[in-house]
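**Q** This is the structure I have questions about; it appears just below.
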Ligand code: ADP
Ligand code: MG
């Protein structure tokens, strides 16, 4: 008999206490594990569902060591941890995700290079670190182009769309401040993503394909059904990528589909992802459950079952006001509110999941009415 090394009551340390850390913690606690959270913000959402809280900047070695001292395994809820600092704790602690993957994926350039070298398809791109290199990128890619900062962008932050020479001045200014990736802006037909979990032993399980609609470059709505025409093509791309990049835990690959039906890999998140939140109610395992199982080296389910067609809407600051007004009358809305102190416009405050087989969507009409 082989015994599992990870026991009930042992501790999982999570770097980052936002909503992803909170939902990971809740999943871990349900299974009987203890959770320690490290975050600089003493009011962060995960703090209030953790056994221990360590107030520290993410990239502070002392803080990471303090987390490691009280945790049997370390994981993270986001990729913007300094890979070099993470490396420092990897040798003496159990960090199954390692430091290399965040190092590659927190930089859009090394991310794209790794994806392209795996043979997966990405939209044409250039590295832009000077006015001259921007001119070359524009001449070759042609408008429209999206400029993205190599470091630190999320929810469309750090991006500029160039439609013509009219935006050139702004673009030149952007190059002065940061290294950029210039990407061909493609005419999107749809955006999809696929979430997967891979455990320490290398077993992998896929969630169903997620169809994503963005507004102002922020995820607005995710729809999931049992079958999807792009499932095999998307999984084939993920398999190429995982032959190049080491993944343990839950990760998500975002794709573009252009008007001709061509599939391109957009970006990868080495952690649970907003487009996988529906899995909490709509699947037999959530993306947080399989993340925890993966990092503690437990066997993964052979497949993920989607109970019903599901729709997830994000609740941004402005949406939360509307939702709150109607919530009391809509038990079919599975409401998640993350518990962030400050309700700000365009800040992700929560989400709603609806299970929809044979039922109508009751959230969207209300949302439209409130927003009009
Ligand atoms: P973020 O890190 O902010 O999620 P993304 O690269 O995923 O950055 O961009 C956010 C959104 O902007 C995408 O989901 C897509 O809707 C749009 N977008 C980004 N790049 C392109 C592109 N090359 N062509 C068309 N749309 C794009
Ligand atoms: Mg994205």
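Just so it is clear, glycine is given a Cβ too, placed from its N, Cα and C backbone atoms.
From TrEMBL, here are the annotated features:
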- 108, 148, 153-159, 183-186, 191, 214, 266-267: ATP binding site (BINDING)
- 112-296: domain 'ATP-grasp' (DOMAIN)
**Q** When the Cβ positions of the binding-site residues 108, 154, 157, 183, 186 are compared with the atoms of ligand 2, which fall under 6 Å?
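**A** If the test is a Cβ under 6 Å from any atom of ligand 2, the answer is none.
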**Q** Just to be sure I understand the packing, how many Cβ atoms besides its own are within 10 Å of the Cβ of residue 186 (ATP binding site)?
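**A** I count 18 other Cβ atoms within 10 Å of it.
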**Q** Measure from the Cβ of residue 154 (ATP binding site) and count the other Cβ atoms within 10 Å, all protein chains considered.
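**A** Its Cβ shell of radius 10 Å holds 13 other Cβ atoms.
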**Q** Please name the residue among the binding-site residues 108, 157 whose C-beta has the most neighbouring C-beta atoms within 10 angstroms.
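**A** Counting Cβ neighbours within 10 Å, the top one is 108.
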**Q** What is the number of other Cβ atoms found within 10 Å of the Cβ of residue 183 (ATP binding site)?
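**A** Other Cβ atoms found within 10 Å: 24.
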**Q** As a test of the contact definition, list every same-chain residue at least 6 positions from residue 266 (ATP binding site) whose Cβ is closer than 8 Å to its Cβ.
**A** 122, 123, 191, 254, 255, 256
